[in-house]
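Shown next, in structure tokens, is the structure this report addresses.
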Amino acid sequence: MGFIDEVKLCLKAGDGGDGCASFRREKFVEFGGPNGGNGGKGGNIVFISDANLNTLLHFRYRRHIKADSGKNGAGRDRSGTAGKDVILKVPVGAQIIDEESEEIIVDLDKPGMEFQVAQGGKGGLGNTNFKSSTNKAPRHFTYGQPGEEKHVLLKLKVLSDVGIIGMPNAGKSKFLTRCSNSDTKVGDYPFTTVRPHLGMVKVDDSEVVIADIPGIITDAHLGVGLGHKFLKHIERCQILLHLIDVTHDDVVLAYSCIHNELELYNSDLVEKEEIVVLNKCDLLREAEILEKKNHLANYLNKEVLCLSINGDLQPILRLLSEKLKKSNSKEIDVYDPFKA
């Protein structure tokens, strides 16, 4: 299945139906009075977050979305029927952004959230509404109001507890494949992952959602490489699992490359909890591994873990689970109208 995480939409809510100017016409009733009905309300455009979706692919060929307009009123006090609402389902984690102002309209970060983005126009009034003691036969009616029109950007940010980051070919995909049921593509070449993958990991009595973020390279924040469009997915993660290929000539440089790109993209990302792991440790002698581990640990002033290609993952997974339980990570400042 394809993966699309950004799409522009043109939304047009339904127009309100026009009111009707009509008069009662019956035999032997010379002056029947007004009986024009009101116009129906235009349909709204509503977004709902659906936990069963994980891409915006279904909007690929549906960029212009229009709700039904309300029907016009009619004689005998018949009101027009309201236009049907358009319900658009999006994955959990989708943000709806006003294209012009670039402000976030809503952040649908929980399952089942519902938000009306474009409101249908009000229906016009029939001439019955204008009858009075001084005007018993009004011919006045009003037209329906136009529905809202909005140009929005849908942006999907993957929701996960842990984000696996690192340079291309650091072993991120294989780590996720081994510890979860995620069927990710694995190969010994850079950029194996070209879209974020999610995996569910059972750790003792808890479950951890882990995301494999595509490899990040120097100047990714400027659009270089495949990592650029996926940097935003890291914002949702509570903890970062930073994998570094131990065979890299300079493990400090490998770490700094990723760290700097995160900071340049969003400085809040480097404040997140991070576990650093030297991966593929079965490819070097123990003395070389120890030297690189100590070098990186001294640079970071914190513990660095080691992992072989087929090594036991449970210690790392348990550490992630424990940190998640204690985690009170700093959240990215996103306007949430549900909490406003």
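Note that Cβ sites are derived from N, Cα and C of the backbone, with glycine treated the same way.
Swiss-Prot lists 1-159 with the feature domain 'Obg'. Positions annotated as domain 'OBG-type G' by Swiss-Prot: 160-329. Per Swiss-Prot, the feature GTP binding site maps to 166-173, 191-195, 212-215, 279-282, 310-312. Residues or ranges marked as Mg(2+) binding site by Swiss-Prot on the basis of sequence analysis: Ser173, Thr193.
For the binding-site residues Lys172, Lys280, counting C-beta atoms within 10 A of each C-beta gives the highest total at Lys172. A separation of roughly 9 Å, to the nearest angstrom, links the Cα atoms of Ser173 (Mg(2+) binding site) and Pro214 (GTP binding site). Sorted by the number of other CB atoms within 10 A, the binding-site residues Asn169, Asn310 start with Asn310, the lowest.
Mean pLDDT of the predicted structure over the domain 'OBG-type G' (160-329): 80. Around Gly166 (GTP binding site), taking its Cβ as the centre, 26 other Cβ atoms fall within 10 Å, counting all chains. By a simple count of nearby Cβ atoms, those within 10 Å, the most crowded of the binding-site residues Ser173, Pro214 is Pro214.
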